[in-house]
Amino acid sequence: PKAAASPSQPPPPIEDLYTSLNRHIQRSEFTQAVKVANQVLSVAPGDEDAIRCKVVALIKADKIEEALSAILSSQKVSFDFSFYKAYCLYRQNKLDEALEVLGKQDKTQPSMLLESQILYRLGKMDACVDVCRNLQKAKIDSLEINLVAGLISAGRASEVQGTLDAIKTKATSSFELAYNIACSLIAGNKLKDAEKLLLTARRIGQETLTEENLADDDIEIELAPIAVQLAYVHQLLGQTQEAAGAYTDIVNRNLADEPSLAVAVNNLIAVKGPKEISDSLRKLDRLKEKDSQKFELARAIDLKLSPKQKETIYANRVLLLLHANKMDQARELVAVLPEMFPDNVMPLLLQAAVLVRENKAGKAEEMLGQFAERFPEKSKIILLARAQVAAAAGHPQIAADSLAKVPDIQHMPATVATLVALKERAGDINGAAAVLDSAIKWWKTAMTEGDQLSVVMREAASFKLRHGKEEEAAHLYEELVKSNGNIEALVGLITTVAHANVEKAEAYEKQLKSLPGLKGVDVDALEKTSGAKPVDGASRAGLAEAQEDGKTKEKPKKKRKRKPRYPKGFDPANPGPPPDPERWLPKRERSSYRPKRKDKRAAQVRGSQGAVVRDKNEPSASATNSNTSNLKSNQATSSKGVSQSAEPSRPQSKSSRKKSRK
């Protein structure tokens, strides 16, 4: 007979459950804390403290999805879980939703700190800096680290030192702050100072983390950003081999956090350039999702890199694919980049690069032109790229029109020279002259120091003289002579005016200084001569001696006679018979060659009477069959060889491949 079922045990008192819950929290046993919190909720459904402990324990255990579900299932509770919900959305990289949830909550220190982190992740650096400045009065630990990071990312690195002075904080107060300030020095191009501060940050970090009893590998992971940044400084200083070695060591050891590893891989590829393309593509494959067939950054990397860093990695991937001539993959990747980076122009430039590589320069010009018309605030770099594409494709007029639409560089000498060359190539001489006149007008009214005006005027005069506009060229040369007395302009003025007004040219010619050493030369007698005549070697030598005017004659150097080198064992006293002069000719071309006689006995009849005599050159049937079979065999072998060579070779296995590559 079956035993009777025992009655269910009563739940422990709620006080004991909270004691157990507190013990698990103190020991950081968050999974057990969640179980105990569920027991409390089974006894007292809707208990706010139990729900809060459960949510925080799930967040601490990195179970963000479960924590968010617990928050959504507790809508009837009076406690406001908006902050925890915003944090969960932030951890899921749903940044806009998280910011919207925070906007409905009162401004508290935790919410403002979270808001600054969300704004930093969104790339809204100025707003992030404003929030951090509002928190300065709260005296939050390590707030200055986030503030300096926001200033650097916002392009305001010059304000870092003033901010530190205002809050009375030293750069070496922590290794994180020293690292961030070194980044600000890099932004200010103070590379040597940045290198020293990074070395100091590494030393402080090793001391601090060793005192916290961290393992050596954990310390190396924590200090990996400093190592990568040091290598980047060496790269900027031109020490490419040292930088490449540091990047390679970081990548091979694989003891860096995901963002530092991604930056090291990208910078190593940038140092190598188009060399070892296959190895560079394999290194980039380490950064993508393992299960994804397409190139997509792993989630851990994607969450921690800034938009600018991710954009750089994707751009380098496309450029490597173009160098490797993998057009299908490049075309597939550039198609998804506009959705990933909607506010940047880099995806459009990469699409244009793919089209140019496919010999579709006209389509690239059309696409860039349409974008410049729709987004004039982003049109500068697009128009410059369109001008480059058009100039390389042999469309000078389109290139000139694109450059002319960038107003803030029209007066620059380099732009003026490029526009004039493009219009001249397109046959628009009047348009080129108008560009020069406009540049001269701008520099005349500009309150700047330098000789840009004289440079532009001199080139304009030379251009107009070259295209038959002597009067305008003479006017420009005359202005140059009157303004600064330029000798080159004076020579150009004399040359130009001499064609129309000889007297005026002679008047300006008197302003030229006489050259030293030409006082004793009779110019009239020199003009009446028929020119220089060629002289023989003796006369030339005599003329050279006369021009020396008593200078010491240089003695000709004596050539040292070298003894001839003979073959080993050769006696020059007894050379023996001379070698055959025809030894280099083929035997049949030598005079001593005698051809062999033909064998007349080969034509004699052999065998019995009545036998058919065959010609020696006529092959027998068996020989014919044999040759035919050999020919087919050779053909088959050749055919087989061709098919084998045409077959694509298999990719090498991973073990057989050699490892090598802001």
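Using the three backbone atoms N, Cα and C, a Cβ is placed for every residue, glycine included.
The compositional bias 'Basic residues' annotation in TrEMBL covers 554-566.
When Cβ-Cβ distances below 8 Å are used as the criterion, the compositional bias 'Basic and acidic residues' (580-592) is approached by no residue of the same chain that is at least six residues removed from its ends. Summarising the annotation, TrEMBL assigns compositional bias 'Basic and acidic residues' to 580-592.
Taken from TrEMBL, the feature compositional bias 'Low complexity' applies to 620-630.
The compositional bias 'Polar residues' annotation in TrEMBL covers 631-652.
What TrEMBL lists as domain 'Signal recognition particle SRP72 subunit RNA-binding' is 545-595.
Annotated region 'Disordered' per TrEMBL: 530-662, in sequence order.
This prediction places the mean pLDDT of the domain 'Signal recognition particle SRP72 subunit RNA-binding' (545-595) at 75. Taken through DSSP, the compositional bias 'Basic and acidic residues' (580-592) splits into 3 helix, 0 strand, 10 coil.
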